[in-house]
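Among the features that TrEMBL reports, domain 'MTTase N-terminal' is placed at 34-150. Per TrEMBL, the feature [4Fe-4S] cluster 1 binding site maps to 43, 79, 113. For 174-409, the entry in TrEMBL reads domain 'Radical SAM core'. Positions annotated as [4Fe-4S] cluster 2 binding site by TrEMBL: 188, 192, 195. The feature domain 'TRAM' is assigned by TrEMBL to 412-475.
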Ligand code: SAH
Ligand code: SF4
Ligand code: F3S
């Protein structure tokens, strides 16, 4: 029972920012080199960008460290998606100020979405910051560091229409050596009215398909067994060869990556309901190694609110997408969502529509948020943020409670069934247990035996919580 209580907390309100937990760079051999500490906030794309930054900095003579106190240079790779994401970083800067006082030569740089949103204003607001670099300026960081070393404040927040860092081999940080992320596109051309991303990450652009496939192949050859293709809107991936002889859409890219090796699992995130096509769903069905799991953010279950959000689909369209997924990939396909509670003018009935959409979709998992107004967005300009804090939170808690019940119910479906699991490492709770994910992205925990990470094993599920499947290895 204790385990149940512990794992259920994943879906508690205080964990709704689970994806905002920072990641920290690791210790590298640093003889004769300067030390860089990177702390990353926000989404997987930011984590993946930190791996690009580590690669750029290695060429400039820096080794990463996992301890801020040992660093000559500290980067915070920041997120601006909600106000509390920014507050977290502001608080961290206060702590780092203490370090800087002890070690005046220490340089502090702000990277990522908050850097892009606030630009040079950050230098005025946060005196401790020496360097500000937006998401498209990471090749320029060594130069910015040199400028800062000579005592000037250094800023580059130029957003590019072309930059994809296609030629840079990321240095895998926080890696388990089994699963890795591959960034396939950058930016976003959608204008969801609540969202700051189009302003912080610029225009959408897709990365060269060959460089993506070759990164996947390198990872496979180095022992990795799962790649997740990343973008704000992967289904609008579109790349053409310079001589215009070849055009690759997302379904085509998925197929190319799936063909790297049948033992390399392929996942992807995020899908926009307006762009995911039957062709993508059929490609998923065709290849066993493309995982049957789709992250399909809804944001609301009400058509009027979806219109105000500028999501470009309505409730009926979203439901029809869920139906297509179930028709082509079956009942077992994992589906997760993002949902926003208390968007401008949302009524109780409209909130009920969100709950009823969730019940219809039978989601396996969800990322759920209270609406947070972001300066400069369409919603901030056009609509009043008029839902009181307590109401937003109450609605959010209802959404979370429903999701918790559904997650448990969806997990119970697996009890008594054998799952193919890719071993990722030792379970957080016990050295005697291993953990890994099944096809639907669910964490499975089972006794260690003689297994190694990177192996595929068959696990018979015997019990579950809302967050984890528990089982034993069978032949
Ligand atoms: N590209 C993805 C989402 C990226 S942001 C998509 O289109 O679905 C991740 C999630 O953060 C969003 O799906 C949304 O649910 C949430 N989010 C974005 N802006 C927000 C805001 N202003 N307030 C609360 N949640 C927000
Ligand atoms: Fe933001 Fe919408 Fe783009 Fe997602 S699709 S990043 S929510 S603007
Ligand atoms: Fe945050 Fe930027 Fe990602 S705002 S969610 S780090 S794209």
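Keep in mind that glycine also has a Cβ here, set from the backbone N, Cα and C atoms.
Counting only same-chain residues six or more apart in sequence, the Cβ atoms lying under 8 angstroms from the Cβ of residue 192 ([4Fe-4S] cluster 2 binding site) belong to 299, 309, 310, 311. Taking 79, 113, 195 as the candidate binding-site residues, the subset whose CB lies under 6 angstroms from any atom of ligand 1 consists of 195. In the three-state DSSP classification, residue 192 ([4Fe-4S] cluster 2 binding site) falls within coil. Proximity of the binding-site residues (43, 113, 188, 192, 195) to ligand 3: a Cβ under 6 Å from the molecule is found for 43, 113. The binding-site residues near ligand 2, defined by a Cβ under 6 Å from one of its atoms, do not include any of 43, 79, 113. Per DSSP, the domain 'TRAM' (412-475) is made up of 1 helix, 35 strand, 28 coil. The residues of the domain 'MTTase N-terminal' (34-150), classed with DSSP into helix (H, G, I), strand (E, B) and coil, number 63 helix, 24 strand, 30 coil. Residue pair residue 188 ([4Fe-4S] cluster 2 binding site) / residue 113 ([4Fe-4S] cluster 1 binding site) shows a Cα separation of 13 Å.
Sitting within 8 Å of the Cβ centre of 188, 192, 195, and not among those site residues for [4Fe-4S] cluster 2, are the Cβ atoms of 190, 191, 194, 196, 197, 198, 232. Set side by side, the binding-site residues 43, 113 differ in how many other CB atoms lie within 10 angstroms of their CB, and the most is found at 113. You'll find the Cα of residue 79 ([4Fe-4S] cluster 1 binding site) roughly 12 Å from the Cα of residue 195 ([4Fe-4S] cluster 2 binding site).
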